[in-house]
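As recorded in TrEMBL, the features of this protein are as follows:
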- 12-32: transmembrane segment (TRANSMEM)
- 316-335: transmembrane segment (TRANSMEM)
- 337-389: domain 'HAMP' (DOMAIN)
- 529-574: domain 'PAS' (DOMAIN)
- 600-654: domain 'PAC' (DOMAIN)
- 667-890: domain 'Histidine kinase' (DOMAIN)
- 911-1027: domain 'Response regulatory' (DOMAIN)
- Asp962: 4-aspartylphosphate (MOD_RES)
Amino acid sequence: MPFFSTLRLKYKLILAFLLILVPLTVIVGYVLHVHAQRTLTKVIEQSLRDNADNLVQMVDTTARVAIRNHLRAVAEQNLEMLTRYWEAYQRNPVDRAAAIQAARRLLANQRIGETGYIYCINSQGDILYHPHKALEGDNVSAFPFIREQLGRREGYLEYEWRNPGEAAPRAKVLYMVYFEPLDWILSVSAYREEFNHLVHLDDFRDNVLSLRFGVSGQAFVLGSGGRLLIHSHSNGSRTIDSLIEAVDPPIADLVELGALVRAGGGTLTYRFKDPDTGETTHKIAYMDHLPDFDWYVGTSHSLDDIHSPLRNMRRIIVLTALGMVLIAALVATRFSNYINTHIDGLIVAFKGGASGFFKERLPIRTKDELGTLAHYFNLFMERLEGYQRNLLEEIDKRREAQNAVYASEQRIKNLVRNAPLVLWAIDGEGRLTFYEGALPLTINQGEEPLLGYPLNVYWSEWEEVPAHIAAALAGGSGMALIERDTYALEIYYNPLYDDEHLLEGAVGVVIDVTSRRKAERERDLSEQQRQKLVMAVEQAAEIVIITDRQGIIEYVNPAFEKISGYNSAEVLGRKPALLKSGHHDLGFYETLWQTISAGRVWSGRFVNKRKDGSLYHEDATIAPIVDDSGSIVNYVASKRDVSAEIVLEQQLQRSERMKALGTLARGIAHDFNNMLAGIMGYTEVCLYEAPKESRMHQRLEKMMQACLRAKELIGHIQAFSRQQAVAPIAVQPAPLVNEAIKLVRVSFPRTIAFKSDIQPVGAIRAVPAELHQVVMNLCTNACQAMQPEGGTLTITLRRETVDADSARHLPDVAPGPYVQLIVSDTGNGIPADRLERIFDPYFTTKTEGQGSGVGLSVVHGIVRKMGGTITVESTPGAGTTFIVRLPDMAKDVEAAAQRLPDAGIGRAGPAVLVVDGEADALASMKEMLESLGCRVTVSNNADTALQRVRNNPRAYDLLITDFVLPNSDGGQLATRMRELRPDLPILISTGFSDKERIEVLDRGNRFDWIHKPIIRAELAAKVRAGIAQAD
């Protein structure tokens, strides 16, 4: 292309710009027009389809409402008639079956539509009434619409139903009401197609005609045969073919159009002829079908309305393209002028540089490629100018370097002479050939050496040197260390070879290392101290952990491995968070980090978790480690396991609480004894007076048994308050176990099922309350093991005889008879690795807050104290069984304590003085003594009683006083009574059972004691003994 190659760059750019822009503008405009036309057509078609669907929904909704109202009216009319029948039946009761039969006749005489009917079902889905008698009594709840009826009972329902012999199901409708007195769901049912006559075109004609789309678009409804049912140009007398001239796609007749629409709706274009004006309009329409009415619903829109925006768009695209081409030509011209201006300036500058003028520079006016080109041109010229300048400078530098070499040689010699070292050389005979340096110690305290003399002459005092000089002259190399009290030297030597590589002597250097050797010795000492520190940390009983600034563990000592269970390989590179137990909240750790990150020391207590999951307490001190600049580089933690100390603290706290509870329990026991004394006293008096065969006597005996149980309970409270052991007695375990089962049964959740087999076994020697505690603890432990899912708790009490063979397989069990208590659960069981620790104090498999770990250890201690054994069997996932074996004492001891025989006092009418501060206890004691035949005088304070004895010392045969009196002490009263009458028998009643105080008071005074609440038989024995002592 010669023409194009000869054009200036300016015109090339303009031509290229236009050749690209014009075709691109045409293509883009065409694509936009086509895309807009397609998009607009799709939008119109979708709008027509949506409006047609809305019309279909409107017609369908109108039909549903009409059918629903019709069926509802029939259902409610029948419900009203049934209600009147039922009210008439209630006013004048007749046979119920007759009334129901009358109601059935009422329903049988009605028809719904052409084939519809009324039927009734109950709440279980049984057919109570149906026109087809064969269906009555059947349960039809399996049908989905019947299940919906049972759930709703009232309302309108549509469903599909296919009769036998029919190819496809048909739509059915029903309306149901509920007649509660007979539990009838009355249903009015028929095929939906039988109610199409209820729908009228006038119901929605105005809504259809009001729909408009664009200028001439509208909605219309066609009937069978193409009759225009609703149309803006017809009142129902015209057909669709009178208004349509041509259809696209072509359709032969209305039958083919109906098939198209019934297949799911369709879109077609046609020419519409206005019957009023005769004008023809191109339109597009969407048709849909209503099969229930055989109607066709359509919506149309004028194509002229659609294409009008497209014609405007074409005009805009053409005008826009022409404007763009004009603007592009102007821009291209401006751009090409800009480029040509800069290129012309660059050509001129290059001509100046080529002529040797290196100071030529281009101004940089832009930051584009032309500006960059000018920038690099300037750099190029600067570099050429620099090369020229450097060449001249290099010539000057070479002259200066030659002068500097000579000066450097002289300076090196001066440095060697004055440096703290010596350079030396010897020939093959060991004579000095070179010696330079400023180290006086090397030559006999500073003597100047003479070249040609043997070096050994000057270094004669260093006996280590000759051997090394001989090695150097033999071709060896090495180092000799000369170390004295005040200095240290290192002599390095190597063989010296000539140009032909022949050994001609040796060369070496002597260096003063006095300071370095001193530093090395100090470092060795420091290393020893460090080793001691490492050994101390490694062997310390406290945990030592070192982390980096991010808390990553870098070191742990063996104490950490021993206490936590983790070895160092498992924790290095991890954070101490692996020990978290969940006992500390996020704020606790945030405070810790804020403290140590600020460079302060943190001290506190952790509750951490070992590798095996057990918890331990530790007191910790965490401090930052800083470098010479004061920046934190590490953290070090020193921790001490204080779990044992905490256990001791808790035991001490429990001990203090137990002391406080003991004080409270003594007061409670005293008050209970006083209250129970009156109850038991009156009960025994009534029991003594009531005929033995009467029901009153039986009731009083039950009251007395309850009082004895209460007395035993108070005895346990007293034993608890003194922290003294209660003496075991012979008891029958079956009643105690049954009572414990009753208590736990009501307190456990309903998810726990109980099974018990309690046999009337023999007696055991035990404290009843402790046996009760064993059963309660084992049952509670089993219940907790089955939470939250629940399970079965089985309790068995039976007699077992262990022979010699069986005893060998049972640890700590000797041959003989035993009472066996078995408590089993169906929980998750206990893992084998924890089974052997199950009886350890404070060991628990429960989560925090669900148990303290002391229950089973207490049970184990009680059983061992009874002389028995407890074993456990468990399978993970299958439950746990605890087996308690207690020696059977039935043949060795008597049965549990029985009431004393009610004997007389052995003497008629002894006079007894009773002193007690409690009015009820005093009155009941008086009646009890009078029932024994005593003459009783009562006093509620010590002063009155003393005065009576002082007035007549021989008036009384026996004194009975409470240990605690108002403003006095029963022991003091008894002592003062002995002063008035030394031979007076004294019986002191107490509710405290304070053994030490009793022993002190009774020392030498021969007092007798009786414990509250008092049993009549026991009182009789004490009175009899006291009077016998006086006689």
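The backbone N, Cα and C atoms fix where each Cβ goes, glycine too.
Because TrEMBL annotations are produced automatically, they should be read as predictions rather than curated entries.
For the domain 'PAS' (529-574), the predicted model reports an average pLDDT of 87. Using a Cβ-Cβ cut-off under 8 Å and counting only residues 6 or more beyond its ends in the same chain, the transmembrane segment (12-32) has close neighbours at 4, 313, 317-318, 320-321, 324-325, 328-329, 331-333, 335-336, 339. Here the domain 'Response regulatory' (911-1027) has, by DSSP, the following mix of helix, strand and coil residues: 54 helix, 28 strand, 35 coil. Each residue of the domain 'PAS' (529-574) gets a DSSP state, and the totals for helix, strand and coil are 22 helix, 10 strand, 14 coil. For the domain 'PAC' (600-654), the DSSP counts in helix, strand and coil order read 12 helix, 30 strand, 13 coil.
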